[in-house]
Amino acid sequence: MTNLRKTHPLMKIVNSSFIDLPTPSNISSWWNFGSLLGICLIVQILTGLFLAMHYTSDTLTAFSSVTHICRDVNYGWLIRYMHANGASMFFICLFMHVGRGIYYGSYMFLETWNIGVLLLFAVMATAFMGYVLPWGQMSFWGATVITNLLSAIPYIGTDLVEWIWGGFSVDKATLTRFFAFHFILPFIVAALAGVHLLFLHETGSNNPSGLSSDADKIPFHPYYTIKDILGVLLFILVLTSLVLFSPDLLGDPDNYTPANPLNTPPHIKPEWYFLFAYAILRSIPNKLGGVLALVLSILVLAVIPFLHTSKQRSMMFRPLSQCLFWILVADLLTLTWIGGQPVEHPFIIIGQLASILYFLLILVLMPITSLFENNLLKW
């Protein structure tokens, strides 16, 4: 009799994805982040579900309902901080996952990569709307500033912003619809992640060398299930340490003040994982230009496959490209730092230079360096 997991219509999908999946024998721990992102999503959906049971999406009671969750609900504080810090962990894993894709040339799987970029946009939208829900000062002003950016769109901008707000300012209608979208989007993300996996399994995984691994495959289980468990344990260690020892480390103190439309906080800034894009937005004096740069800072990822000029897929054997890659990482860290600083000298000029360098590296320097490396190989 054939094994049930290989014949049952549902079980064989799981089997071909997580058990008998032929996997390259040499993939490193950088390939752990896919499974970690799946776990992040599950944790966020579950904690979010329990938070939604106690949360009220009304401007008068939203802030109080979050306080009630933390004080009166059994382990409500734990659920709330797991959800808030889980988002930070989600983005850490996302950035590592995308960075791995750029370094090892995984973007050559076009469909998988493009759905990944779409997933990044969807997760960013979800996180932004989630940040508005506690209805603290930074929630309110963050929502006001970011939604207001759409008014830079010519002709339809102002109408579009008022349509999104459901009125003439961020108010009850805005909060209610943001809650509705924040609830539905993670399920759309889950569906997209399924499609992401579907396309990945059409081609099989990439590996650090960037060479074909068809001649050397091993089953996913037990080798990579065990390897992934190590990543999961480290992930749980970091998340629980954050939640139990310093839950507000990555948050903003202003969000413990209830939203007040009459009092603007001195420094409006988003959560840390949006600061790099926020710095790029602020570095351009023109409003429309800033909005375009903000969108392009993520959309530029979709262009990377078309700028691949190297004869080799991975950066493993390309020291010059490696050097540029780590400069890009340092540049993104600089942008993240600048995004959290006030708009004054010398931060303005540092932000502008870092923004120029970001686009210059991806669009110009990396493709040119790849061409140069191709010629280095001609003895």
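Here the Cβ of each residue, glycine as well, is placed from N, Cα and C on the backbone.
The transmembrane segment feature in Swiss-Prot is assigned to 33-53 (among others). Residues 69, 79-80, 82-83, 86-87, 89-90, 93-94, 96-97, 100, 130, 182-183, 186-187, 189-190, 193, 228, 231-232, 235, 239 of the same chain, all 6+ positions outside the transmembrane segment (33-53), place their C-beta atoms under 8 angstroms from a C-beta of that stretch.
As annotated by Swiss-Prot, transmembrane segment applies to 77-98 (among others). Proximity of distant same-chain residues to the transmembrane segment (77-98), defined by a Cβ-Cβ separation under 8 Å and at least 6 residues beyond the stretch ends, is recorded for 30, 33-34, 36-37, 40-41, 43-44, 47-48, 50-51, 66, 69-71, 116, 120, 123, 127, 130, 235, 238-239, 242-243, 247, 250-251, 271-273, 301.
Under DSSP, HIS182 (heme b b562 binding site) is assigned to a helix (H, G or I) in the three-state scheme. Residues or ranges marked as heme b b562 binding site by Swiss-Prot: HIS83, HIS182.
According to Swiss-Prot, the heme b b566 binding site annotation covers HIS97, HIS196, on the basis of similarity to another entry. In sequence order, PHE33, GLY34, LEU37, GLY116 are the residues near HIS97 (heme b b566 binding site), counting only same-chain partners six or more apart with C-beta under 8 A.
Long-range contacts of the transmembrane segment (113-133) within its own chain (CB-CB distance under 8 A, at least 6 residues past either end) are made by residues 48, 55, 57, 62, 66, 87, 90-91, 94, 97-98, 101, 106-107, 139-140, 142-143, 146, 174-175, 178-179, 181-182, 185-186, 188-189, 192-193, 195-196, 199, 270-271, 273-274, 298-299, 301-302, 304-305. What Swiss-Prot records for 113-133 (among others) is transmembrane segment.
Annotation comment: Swiss-Prot describes 178-198 (among others) as transmembrane segment.
Annotation source Swiss-Prot lists ubiquinone binding site at HIS201. For HIS201 (ubiquinone binding site), the Cβ neighbour count at a 10 Å cut-off comes to 14, with all displayed protein chains included.
With a cut-off of 8 Å between Cβ atoms, the residues of this chain six or more beyond the transmembrane segment (226-246) that come close are 29, 32-33, 35-36, 39-40, 43, 78, 81-82, 85-86, 88-89, 93. For 226-246 (among others), the entry in Swiss-Prot reads transmembrane segment.
Residues annotated as transmembrane segment in Swiss-Prot, with similarity to another entry given as evidence: 288-308 (among others).
Here Swiss-Prot flags 320-340 (among others) as transmembrane segment.
Marked as transmembrane segment by Swiss-Prot: 347-367 (among others).
In this structure the C-alpha atoms belonging to HIS83 (heme b b562 binding site) and HIS196 (heme b b566 binding site) are separated by 24 Å.
In this structure the C-alpha atoms belonging to HIS201 (ubiquinone binding site) and HIS182 (heme b b562 binding site) are separated by 29 Å. Look at HIS97 (heme b b566 binding site): DSSP puts it in a helix.
Non-local neighbourhood of HIS196 (heme b b566 binding site): THR112, ILE115, GLY116, LEU119, each in the same chain, at least six residues away, with C-beta under 8 Å from its C-beta. The Cβ of HIS182 (heme b b562 binding site) lies under 8 Å from the Cβ of GLY48, THR126, MET129, GLY130, LEU133, each on the same chain and at least six residues away in sequence.
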